[in-house]
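Quick look at what Swiss-Prot annotates:
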{"type": "BINDING", "residues": "H232, D234, H288", "note": "Fe cation binding site"}
{"type": "BINDING", "residues": "R299", "note": "2-oxoglutarate binding site"}
{"type": "DOMAIN", "residues": "208-309", "note": "domain 'Fe2OG dioxygenase'"}
Amino acid sequence: METKEFDSYSERKAFDETKTGVKGLIDAHITEIPRIFCLPQGSLSDKKPFVSTTDFAIPIIDFEGLHVSREDIVGKIKDAASNWGFFQVINHGVPLNVLQEIQDGVRRFHEEAPEVKKTYFTRDATKRFVYNSNFDLYSSSSCVNWRDSFACYMAPDPPNPEDLPVACRVAMFEYSKHMMRLGDLLFELLSEALGLRSDKLKSMDCMKGLLLLCHYYPPCPQPDLTIGTNNHSDNSFLTILLQDQIGGLQIFHQDCWVDVSPIPGALVINMGDFLQLITNDKVISVEHRVLANRAATPRISVASFFSTSMRPNSTVYGPIKELLSEENPSKYRVIDLKEYTEGYFKKGLDGTSYLSHYKI
């Protein structure tokens, strides 16, 4: 057993030291994936069935006519956030060219020459721009995931332009501007859905910080043996996800894995762990995952995570007092966001919820 663990660490280290990620393996024309990427046999099905989108489909909410249909839209958000934890939004106000340009920028960076990308490769999370493969490469007990990523905190203190690669610099600033606007609206609508004043969640700094996490999922020669992203829930208040048309995102709903089918121009919204906690389970943060890419072209996704600040601080959060009563007492102890975030990343994406540690 000790030898196997040592071998796994050595192989992960050797993979990491190439600084070229999963894209480097594809460029080397491999036909079999390295064993560090292999899931335990049978774990992909996890004894939980897949269901087609004809059986289940996550809610789609149209923001067109929001000024005249606000109450109706708030009701739909309340239902989606409490029963699904996810919904897709269309006519959200972010121009299609902005969505396309950020996807193109992510692709351009990940398809740069290796010597260019290597200059940004780091495992130091304090850097303004962090490029690597699997943030939890050394901490997760699960297999290595079939994807490469880069991350950058865009608010409250935006990076200097020269901190970002030329390939995606302009697109990241423009996209982030639109994400902050949409995030502002979503937190207003969620506050109203909870029966609170519209600025309640914003006043708690729930959207003060914005982290862009941009994934590149190369085609996989053995997609049934590995996974793109392990099942997990998000350590944020709210996440806005832009996915391309390849698909592969699934959420866990009523003991089944349900496909989140791509809709051109739509954005996927999901509730994070922090929002579930402060609402005392009135909204839910659900597990989701990404299957390994079966397509002939790479899958691109851009996740915008909203939290309190650029770096998690020791702000303490607990369930909102207005949402508690004698019949609905607090279900969670207060959390220190910095402590929570450090524990979440130390645990890695291992398929277990970290929020459960804070249940009373």
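Every residue gets a Cβ built from N, Cα and C, even glycine.
Annotated features, which come from Swiss-Prot, shown on the structure.
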residue	record	contacts (Cβ under 8 Å, 6+ apart)
D234	Fe cation binding site	N270, G272, D273, S285, F305
H288	Fe cation binding site	F86, N231, H232, S233, L249, Q250, I251, F252, V260, N270
R299	2-oxoglutarate binding site	H215, Y216, Y217, G228, Q243, D244, I246, G247, G248, V290, N293
The domain 'Fe2OG dioxygenase' (208-309) - residue tally per DSSP class, helix then strand then coil: 9 helix, 48 strand, 45 coil
For the Fe cation site built from H232, D234, H288, further residues of that chain with CB within 8 A of the site's CB center: T229, N231, S233, T239, N270, S285, V286, E287, R289, L349
Segment-level pLDDT (mean, integer) for the domain 'Fe2OG dioxygenase' (208-309): 97
